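Visitor: For reference, the structure I am asking about is given below.
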Amino acid sequence: VTERCSNASPLIFFLTGIPGLRAAQVWISIPFCLLYVLALSGNSLILLVVFREQSLHEPMYYFLSMLSATDLSLSLCTLSTTLGVLWFDAQEINLNACISQMFFLHGFTFMESGVLLAMAFDRFIAICDPLRYTTILTNARITQIGVIMLIRIVAVMLPVVLFVKRLTFCSSLVLSHSYCYHVDLIQLSCTDNRINSILGLFALFSTTGFDCPCILLSYILIIRSVLSIASSEERRKAFNTCVSHISAVAIFYIPLISLSLVHRYGRSAPPFVHTIMANVFLLIPPVLNPIIYSVKTKQIRKAIIRILFQKQSQI
């Protein structure tokens, strides 16, 4: 079943569950299902709160709603195939569906990186140039930032997708994950995939590779600005406004870098380590971001409590 030539129509790939733990997949699917429920409900709640609460119609919360929308989309990208493989052993996926999933999966990952950069810019302006905050981050400018991020995704991902379509697949068509991952897919090609690798690296470096140093630079400038504040109480308040964003950056970039390192240098590790790492990378940011912002941001926390109590009183 694992051998098929690309002349066959349609070309079918086979997704992988948890290698070596197939008998326990149904039980393993329970925590995965709970993580998906948490990710979907948490991010939906943040979006609802920001949409309904007039007091949250500010740049910081608009960017937070962008982050939640991206996390929600990222979770939905892999929900059907991951749970399909774990619950129903539904391993088959055709090439077009695989490429579509890959486009949205990588696209929303890069989108999240861009949103985190926009949030770093928001914190930089709020702390380093507070008097011009409302004039710099107008609704029109926030919309422009969102549109630029979408254009960037399409610009970097379209060539990647088009060149995958040109590949020929003649050997094993078994993918390493329960979803379609670019590096994983092109490695199955029996034709020269160097252009695909270059395009993949270009997409990575022009998005996360650009965003990460910019976020780091913004925090160097923020720290320098905060340390120049005389009052220790004001310094503490300024740093507190950044804690949630720093946490969001950490839970996005640390698994991303770890997954890249495991893919390149962890070939001796058991296959299930790669699979667990890949799913952790996808699910941890969407699960933890709403929790972090709900706990650390007083306005969000109050708005959530208000909405939940309103619903309870209606019942």
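Cβ atoms are placed via backbone N, Cα and C, with glycine included.
Sharing the record's features from TrEMBL:
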type	residues	note
DOMAIN	42-293	domain 'G-protein coupled receptors family 1 profile'
TRANSMEM	26-51	transmembrane segment
TRANSMEM	63-87	transmembrane segment
TRANSMEM	99-121	transmembrane segment
TRANSMEM	142-164	transmembrane segment
TRANSMEM	198-222	transmembrane segment
TRANSMEM	243-266	transmembrane segment
TRANSMEM	272-292	transmembrane segment
Visitor: Cβ under 8 Å, sequence separation of at least 6 from the ends of the transmembrane segment (26-51): give me the contacting residues as numbers and ranges.
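Guide: Residues 18, 57, 61-62, 64-65, 68-69, 71-72, 75-76, 79, 82-83, 86-87, 279, 283, 286-287, 289-291, 293-294, 300, 303-304, 307 contact the transmembrane segment (26-51) from elsewhere in the chain.
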Visitor: The transmembrane segment (198-222): which same-chain residues, six or more beyond its ends, come within Cβ distance under 8 Å?
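Guide: Same-chain residues near the transmembrane segment (198-222) but 6 or more away: 106, 109-110, 113-114, 116-117, 120-121, 123-124, 127-128, 152-153, 156-157, 159-160, 163, 182-183, 186, 238, 242, 246, 249, 253, 256.
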